[in-house]
Amino acid sequence: MFTYYLDLALRSLKRNRMLTALMVLAIAVGIGASMTTLTVTHLLSGDPLPGRSQHIFYPQVDASPAGYSKSGPLDMLDYRSAVDLWSAHRADRQALMAGSEVKVRAPDTTLPPLMVPMLATTSDFFAMFQVPFQYGTAWTAADAASRARVAVISSDLNDRLFGGADSVGKTLRLKDSDVRIVGVMKKWRPSPLFYDVRAGRFAEGQTSSFYGKPEDVFMPFFSGLDVNDGNFWQFTCWGSVPRPGHLQDAPCVWVGLWVQLDDAAKVADYRAFIANYAQQQKQLGRFATTQTRMPGLMEWLVFNHVVPSDVKLQTWLAFAFLAICLFNMIGLLLAKFLRRSSEIGVRRALGASRGAVFAQCLVEAGMVGLVGGIGGWLLTLLGLWLVRRQPVEYADLAHLDPGMFGLTFALAVAASLLAGLLPALRASRIAPALQLKTL
Amino acid sequence: MELRPILSTLRRHKLTATLLVLQAALTCAIVCNVVFMIANRLQRISVPTGIAESELSVIPSASIEEGENPQARHAADLAALRGVRGVQSAVAVSYSLPLDRSESSSGICPSKQALDRAMQLNTIEGSGCMQPAVYDGTPGLVGTLGLHLVAGRDFRPEDYVSQGKPAVAIVSRALAQHLYPGKQALGQSMYDGDNYIRIVGIVDRFLRPNLRSPGVDEDSMIWPQLPPGSGVLYVLRTAPGDRARVLQEGSAELLKLNANRLISAARTQTYEEIRAAYFQRDTTMIGLLLASALGLLFVTALGITGLANFWVQQRTRSIGIRRAIGATRGDILRYFQTENFLIVGVGIALGMLLAFLLNAELMQHYELARLPLFYLPMGALVLWGLGQLAVLGPALRAAAVPPVVATRST
């Protein structure tokens, strides 16, 4: 019976090509717009560390003077608090991090010097975030303790400086120091770059910078601070900074601490630990407040409104567009079915039940949806290609994954079936006698 | 035109008529809001900066030699740049230009009492103190940027300092009014917590590097402070046609003078490119919003045409009968047009309500302002016009139905 309906649907669709084309076009455009924006939103609101993010936390305490930070602790830590919390080693893994920009030269090459972003961090960084390595490995705790001049570089930088060859053991000139490469990362593109996400609530929705690439140079925290001294970025300061870029004793927050806590008991313990720390520091007179915060990774992303508001707006707009397209299709399908009233009347008179007529009409609507889905898929590919050409940080991420590909067709067919429901119901109510009389 | 027959016909096609009304209403609501968003973004991207935008270009230069005197380096570089054919004037700034996102701002108070008030309140709000953007630069900045001095004077050579804070400043008119409302700002001494800084000049307008909110976007001041670091932005003023060549020759000239420096090719650009980069997201959004508004109107028009066609076919016989008993072609044409006018009219009425509901929702989530009332009559006109246009084809076809159809049996 289904194949018979398919045959009927095809005949009916062929009979009025113009109307059919209009419906297919409407569905295709609506689906194309919705799926493009939905893919981008899906991409930007995903989990950057799938399967591990629930164990990753971002503890914060507040060393700023009374009244400086009214809505909870500042987004980063001052040097002393960060180093205190880190060196207590109360978490399963913990990494300090501070950002800067560093001048890089490869002494063996004739390439001009580059300015690249550098992260000074501690050795747990790589294991905690499961950073993949192309060549070599992370530095060891012993390297860090002896303040060895070693570095891990990104695959991008390795391509630029060494043409992608194994550069482990080679020397880089970072600012004025020679540093030995111990590891080269594989392509690693967490989206968003969660460990650098901060201050999103002040960004007024302009958060696409959270989707940038990881830094190009990673150095052990303390030797990194030595090598690139004078270039470190502050998050905010509540007093004047005697030597900009050298923040160890400045009244500034600028260091991030990420910890891994493997079970609920450890999470509770760590919360108590930072609360105690804040209490103790207040008694010592160093803290003015005991406010603390320890969001989990995903919680922190939500807190920072990582999905740019323009992207959300685009998604709403696309779905409004799809809604209008559907209204349009309801009207056109209604016209199409009712125009065939006499044909339906004959079928009913010959014994087709209401259900059969209803099913036949829905098959026709579904077929429009399927063809519209193919058009919508092509338009989605076009839309994502356009997104990739935009100068935004997440441009290179915009690709259709299999799940979204399936969703494109599911959405197209579901939408057209939904649109076909009312016209099909109306068509199945046609009274056979009345139609036969006018034949 | 008699409305009754139209209404009674519509009553017999409730479902289709309702669909059309709903579609018109949704389109009206969405298009009104989308056009309002486009207008907002257009207003945002057309903000004036106060400088001679089409005549400026910049070359960023970072020296990588240790221990050289940055100011001597800048002076030598500037002399070389002024020698490039077509360069009318050249200055060096640390990093700030309007809309280039590199802002340095400083708390500044109209008096010491205001600062004490701010300390007491523990906030700058309501104390009279402001947070203007601070611009620095070598002598000639005001002239090179093309700022319009409306009161006072430009800096004199003795005003300039290379370290520490200068004793005088030029402020924008907006900052002058915000610091000294209703008073003469020229000659007043501002207080920054350590020093008094006297206002010696006022420029008409000078936009910040980073926009905050319309009220404070033009709060800026210029300090006669020479760029202290080795990394600077050289700003060149030329005729618009010379910009590309001057950027190329200027960079080559700088590298010739000292090859040991970084000149980022990506940031060697005209001022117009800096401005375009700042508003890139907005221009993309304007394009998207425009495309979706036009798309919506187009789809709605298609829907109206499709359904009108269907109605004309369905009623061919009755049209024939009407024609046979004396209706003119004009009567038939007007019938369909009036019918469409009524349907779209009901849609618009409903759409206005929806437009305000949607606007309220958008105000909550996207910091959109309240939809001005004049958008509604404009939206109504557009939709009515669109409806009439969309129904014209089918209505003409209906009018062309010959009276003889009435005598045929199908």
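Backbone N, Cα and C define each Cβ position, glycine as well.
Automated prediction, rather than curation, is the source of TrEMBL annotations.
Listed in TrEMBL for this protein:
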- B:20-39: transmembrane segment (TRANSMEM)
- B:35-208: domain 'MacB-like periplasmic core' (DOMAIN)
- B:285-312: transmembrane segment (TRANSMEM)
- B:293-401: domain 'ABC3 transporter permease C-terminal' (DOMAIN)
- B:341-360: transmembrane segment (TRANSMEM)
- B:372-392: transmembrane segment (TRANSMEM)
Winner by Cβ pairs under 8 Å against the transmembrane segment (B:341-360), considering only B:20-39, B:285-312, B:372-392: B:20-39
Same-chain residues near the transmembrane segment (B:20-39), Cβ under 8 Å, at least 6 residues beyond its ends: 285-286, 289-290, 292-293, 296-297, 300, 303-304, 307, 343-344, 346-348, 350-352, 354-355, 357-359, 362, 368, 371-372, 375-376, 379-380, 382-383, 387
Beyond the flanks of the transmembrane segment (B:372-392) by 6 or more, those residues with Cβ under 8 Å of it: 24, 27-28, 31-32, 35-36, 297, 300-302, 304-305, 308, 336-337, 339-341, 343-345, 347-348, 351-352, 355
Mean per-residue pLDDT computed across the domain 'MacB-like periplasmic core' (B:35-208): 90
